[in-house]
Amino acid sequence: MAAAAAAATVEAVGVAGGRRRRSGSVALGDLLRREASAERASASASAGAGGRERERRPSVAAGQACRAKKGEDFALLKPACERLPAGGAPFSAFALFDGHNGSGAAVYAKENILSNVMCCVPADLSGDEWLAALPRALVAGFVKTDKDFQTRAHSSGTTVTFVIIDGYVVTVASVGDSRCVLEAEGTIYHLSADHRFDASEEEVGRVTECGGEVGRLNVVGGAEIGPLRCWPGGLCLSRSIGDQDVGEFIIPVPYVKQIKLSSAGGRIIISSDGVWDALTVDTAFSCARGLPPEAAADQIVKEAIASKGLRDDTTCIVIDIIPPEKISPTVQPAKKAGKGLFKNIFYKKATSDSPCHADKDQCTQPDLVEEVFEDGCPSLSRRLDSEYPVRNMFKLFICAICQVELESGQGISIHEGLSKSGKLRPWDGPFLCHSCQEKKEAMEGKRHSRDSSSRNSGSSE
């Protein structure tokens, strides 16, 4: 009956228009069949495109090696993680944790940091939206991990270097001095920051302004020895997870860099300071060139121990991002390392033995590794102040760090001047719960929770 009525309606329209077009009459059943057929064709095309996209994605192979001295280094290798809810392309996650003053913080971070980061990513994002949300989620996940661990009243701490690989996009978040380095098409790129006080005058200034004291260890006679350290506690790092006995100004806010590799792929090395205190970056890559990841990591650790002995836990993770057309990874000979922070893109750098040195005309179009995102600012307010995708507005009324749901009047805006606002308005967010706001204030030096102690005391690292 409904189909007949629909056909009659189509025919009547033809008559009203002054022309009788029985050939234009279409039954509702035919319309539905055509629409279903079109949807099937569209779904098939999408599936084919998705399959082709998966075929174009690189494979990821990884291996690790460790020689223990104190038993405080830990590694996380998850080459195939699934985004939830299911449907998105899989990603890989790798992390290195170099603990100090005990292994508690390193073990806790290894067990919790991935889930803490992922719970800060809104659900149902497209691939590009998911990648764009990662830098903020990494900041929130690191701070949540630190905040939750400190409720356990442990005095240990840990560095964290956390790597997420999605296709050719690599996102790295780091606190501490466990460096992450990439070699792509013969060029070396530094993807992490060094948070030792000796490496950053800005971090020395930040900690001092927040109430900490930075100096070297005093010995008998008034001489100062060793690296710069923060007192109380004697920690030589300005950022870490844990370290409750040192001070809240030792913050867990990570340096984050996101890059996109060319289709040539590349090799990544993540190592604790047991490796980097013994080997240069060039040596680490060259001594393991041509080896698969597991053997490469083992070789790098062996070289480090042969150079300086086993003075500390020595851990290495090697990750190969392999283009689909390559059966096995091929790592190009290394050129001079690019160092420091890069803006927008990385350019290949030639050394004296590079073909570019002999013929500059052949190097006018260098291959690029695109920098998508970079931020190492210690301000939690700035690092969390980025918008969610519009279709995930409901997340605005959840604490940006611990992800608890906020009721009316409970949330505190991260923006200055709005922290005492009673009624939540979407444009005032993101928001923090009261306990996360206290954590933020302590990290900024607005609330001191530790007593000072002498620089003559023992050191944490």
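FYI, residue positions are counted from 1 along the chain as it appears here.
Here the Cβ of each residue, glycine as well, is placed from N, Cα and C on the backbone.
Annotated Mn(2+) 1 binding site per Swiss-Prot: Asp98, Gly99, in sequence order. Gly99 (Mn(2+) 1 binding site) falls within a strand segment according to DSSP.
On its own chain, Asp98 (Mn(2+) 1 binding site) has Glu72, Asp73, Ala106, Thr158, Thr159, Gly176, Asp177, Ser178, Ser272, Asp273, Gly274, Asp313, Thr315 as residues at least 6 apart in sequence with a Cβ closer than 8 Å to its own Cβ. For Asp98, Asp273, Asp312, the entry in Swiss-Prot reads Mn(2+) 2 binding site.
Under the heading compositional bias 'Basic and acidic residues', Swiss-Prot lists 439-453.
The feature domain 'PPM-type phosphatase' is assigned by Swiss-Prot to 57-321.
What Swiss-Prot records for 34-63 (among others) is region 'Disordered'.
Annotation comment: Swiss-Prot describes 439-461 (among others) as region 'Disordered'.
Here Gly99 (Mn(2+) 1 binding site) comes close to Glu72, Asp73, Phe74, Ala105, Ala106, Val107, Ser156, Gly157, Thr158, Thr159: these same-chain residues lie at least six apart in sequence, with C-beta atoms under 8 angstroms from its C-beta. Taking the centre of the Cβ atoms of Asp98, Asp273, Asp312 as the Mn(2+) 2 site, the nearby residues of that chain (Cβ within 8 Å, site residues left out) are Asp73, Thr159, Asp177, Ser178, Ser272, Gly274, Asp277, Asp313, Thr314, Thr315. Long-range C-beta contacts of Asp312 (Mn(2+) 2 binding site), restricted to its own chain and to partners at least six residues apart, with a cutoff below 8 Å, comprise Lys69, Lys70, Ser272, Asp273, Gly274, Asp277.
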